[in-house]
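Inspection log for the structure reproduced underneath, given as structure tokens.
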Amino acid sequence: MNSRDQRPPGSKPQSTEYELKKYLLLLATLVATVTYAAGLNLPGGSWLEDSPAEGRLAGDSILRQTNYTRYIVFYYFNAISFAASLLAGLLLLILHQDGEDSFGGWLLLQLVRLMMVVDLLGLMGAYGVGSSHDRFTTTCAACLLASGIAAFGAIALAFIISLRHSGKGKAGEDNEQLENLETLLVLAIFAATIAYVAGLNPPGGFWRSSEAGHHTAGEPVLQGLHPRRYRAFFFLNTTAFVASLLAIMLIVSYDKLQDLLQQKISASVRKVALYGPIVVALLGLVGAYAFGSCRDSRHTTYVVLLLVAFAAASILLQIVAHRFQAKITSCGERIKNLFNKVLNSSSGTSAEDNRTPVQLLLEKTREDIQLLAILAATIAYQAGVDPPGGVWAESGEGHKVGDPILLTTHPVRYKVFFYFNSAAFVASLVIMVMLQSERLVRLHALEAAMILDLFGLIGAYAAGSARDTSTSIYTVAMAGAVLIYVVIHIVFFTLDSTPAGSTSGSSTTNEGEEKEEEGRLTKKRDVLLLLSVLGATLAYQAGLTPPGGFWEEDDKSGHRAGFPVLLDKYPIRYKIFYYFNAASFMASVALIVLLLNPNLYKPGIECYALYVCMVAGMFGLMGAYSAGSSMHLRTSIIVLALASALTIASFAVAIYVRCFRSKGEAKKKKQAKEKKNAQDDTMIMFLMLVGILGASVTYLTGLKPPGGMWRDDANGHSAAGYPVLYDTNKRRYNVFFYSNSTSFMASIAIIASLLLRMIMHVPRKSHKIHLWPMHTAMVLDMFALLVAYAAGTARKWGTSTKVVLMLVPILLLILGVLFLCNKCQGCMKQRRTQSSSV
């Protein structure tokens, strides 16, 4: 349900920023994620060895020495974008529905808009500087980014003109259009973030040393060995990046621009302007994947043919669905009834009923579990194919090139990390597939599985981020400390609370106030949950792959393979980074667990205990970024001062808005909708998010496959920049590559089908484009993702088989929880029957 449904007739329309608040917060979250990672692992890589004669230390940025100006410009653009993302998230936390009704609300709205513009411009500047390495890429990036900035300027000018001429928006705006805007915004955010990461870390990696007349340290390997392929990848990836940012600006400004556009531009042209950048971004990503994930024309052709095959299969399935609609529907109903009988389901509601509060709660729970499952699957997949400790650069005693270093140096610790991480990944895929069952959501079986999933991530983080047992224990203890603090805070600050039933007054008024307060708590909880996801995502990846990288071999200086370079070179700075980062991760996961239970998060929000933990987690991220993003004290102090100043400013604005906000808020009336339409809307967003998950993780891992890349042309292996796994285990590499590519193309097919549905403006009750073929593609997508993970994370087929077989205990666990919930529900019904008969 969107906020327009809740607005009373005749009231002033809300700002688009408030309408899309949750998705703009997602934008700030993902931009902060990629800029945080880019700040800790700068483009060009880092030095692997000390060279006192040349004035460099292992772990320092290569770009800082080879091109200091480019390094400084990129660093501060990236830091500004990161700080603006955090500030935008905090401002969105306090953005309220009254919008421009009061001066405080108007000021807050303008600050949100300003931070979003600064955020996106900083992101564009960092991309342009960090991804360009020669004349072609610099010229290409400059032209594309200049065209993007010109388009932004035109949108801003039209936005100002629309404000002067229209002034008032349409209160009765079509809800379906808002839902389409939400879906398009999520898709644009996905394209922008993965294109940013891929542009700064191109396929093939970077040269770690200079060779006169051939290459310079920090340059992309692919650029020198395959210049045409690299240029094609760069152009297409940059096009996708600029087009997605343009789409974000258009979507956020679309509401204000609509009145102006309707007077001068036809509907078909407006549709091209809205959907065109999204289509261009998708095509750019597909082309960049085809050129960047392969090193020869044969594999590139296979990738393109995969897309053609999925497009043909989608069209064929739609024809079959349209031709045999009645038979398929009746067969689906039989399967559903059989499934309900197996699960002893007797509490379903009819499709004709309007959505009840219980139904709304179920939809909200499903949405939250889906978000958390996507989080867990994303970070677990990336951590599995790029394990902590790095991979061996050369073969040696007991290991091969491309094998995980920790598997040789700390086999028990690596296995603990691997199986905890794999369990979290497999459980996330199972949860996403089984979210289509309303019965499992109603009986809280998937919530229990999700909590165990989060504990799996905690175990994997504790094992993978540290190298000794005591540090791992301290890390896990942080999560317990956060939980204990929240419980103590709630106990002490709710001692004088008055029971709900002890006051007298109008029952109708009390019910209305309770519903209004419930809505406010839910919105606050949504924002806290997204911020917790931000903290967990950032800290998990940074903790397993810390800045400066890992030592790749033991040497005479006492350096040990698999240990962080920063730990040996700057031990104090590393410990500051490690514990700040670990505190942020554990606080975020503990908050997510608390936010899944209404009995815990309601008093925690009311007494501000959860806010305290969230602010502490954000400060932990800032401290970790300041300590880990630069090896120089002056730069760290500047970044920390900038982040602190922005944070203080955001709190000052929050206090001001809270003190001077107009207290008169209009009562909101809810409009009933048919359950069938709501289910379709929820399922469309569900499928879109699953498609985005598959495309995002497979795009990046396809460009940077497990096992790393060759760094030289010697020893009879493939050329530098080729995947190591392709030479050491070609069969395993082919399984990974084709499974990963299948998952990527299936994800793109899902996204394209849903996008086509929106472009054609298919009515909700229409059956021109069916959803069940997309469900089929989604299951294939998840299965291919699982196979790619099993092939890419292990080096023995037995281990890969164990990863796939993890499906069995996870399914048994969910069915066991479901069985217990059914038994408890049956016992409660018997007690009610007995009490009513007495």
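Each Cβ is built from the backbone N, Cα and C atoms, and glycine gets one as well.
The domain 'PGG' annotation in TrEMBL covers 19-132, 179-295, 362-467, 520-631, 682-795. What TrEMBL records for 73-95, 107-130, 272-291, 416-435, 447-466, 472-495, 576-596, 608-625, 637-660, 681-701, 735-759, 803-822 (among others) is transmembrane segment. Positions annotated as region 'Disordered' by TrEMBL: 500-521. What TrEMBL lists as compositional bias 'Low complexity' is 501-510.
The DSSP breakdown of the domain 'PGG' (520-631), given as helix, strand and coil counts, is 84 helix, 2 strand, 26 coil. Taking pairs at least six residues apart, the transmembrane segment (803-822) and the transmembrane segment (576-596) share fewer than three Cβ pairs below 8 Å and do not count as touching. 472-495 is the stretch from 272-291, 447-466, 472-495 with the greatest number of Cβ pairs below 8 Å to the transmembrane segment (576-596). Under the criterion of 3 or more C-beta pairs below 8 Å, with sequence separation of 6 or more, the transmembrane segment (608-625) and the transmembrane segment (735-759) do not qualify as touching, having fewer than 3 such pairs. When each of the listed stretches 107-130, 447-466, 735-759 is scored by C-beta pairs under 8 angstroms to the transmembrane segment (272-291), 735-759 comes out highest. Residues 458-459, 461-463, 465-466, 582-583, 586-587, 589-591, 593-594, 600, 603-604, 606-607, 609-610, 612-613 of the same chain lie 6 or more positions beyond the ends of the transmembrane segment (472-495) yet place their CB under 8 Å from a CB of it. Residues 180, 183-184, 187, 271, 275, 278-279, 282, 285-286, 289, 293, 299, 302-303, 306-307, 309-311, 313-314, 684, 687-688, 690-695, 698-699, 701-702, 705-706, 725, 769, 773-774, 777-778, 780-781, 784-785, 787-788, 791-792 of the same chain, all 6+ positions outside the transmembrane segment (735-759), place their C-beta atoms under 8 angstroms from a C-beta of that stretch.
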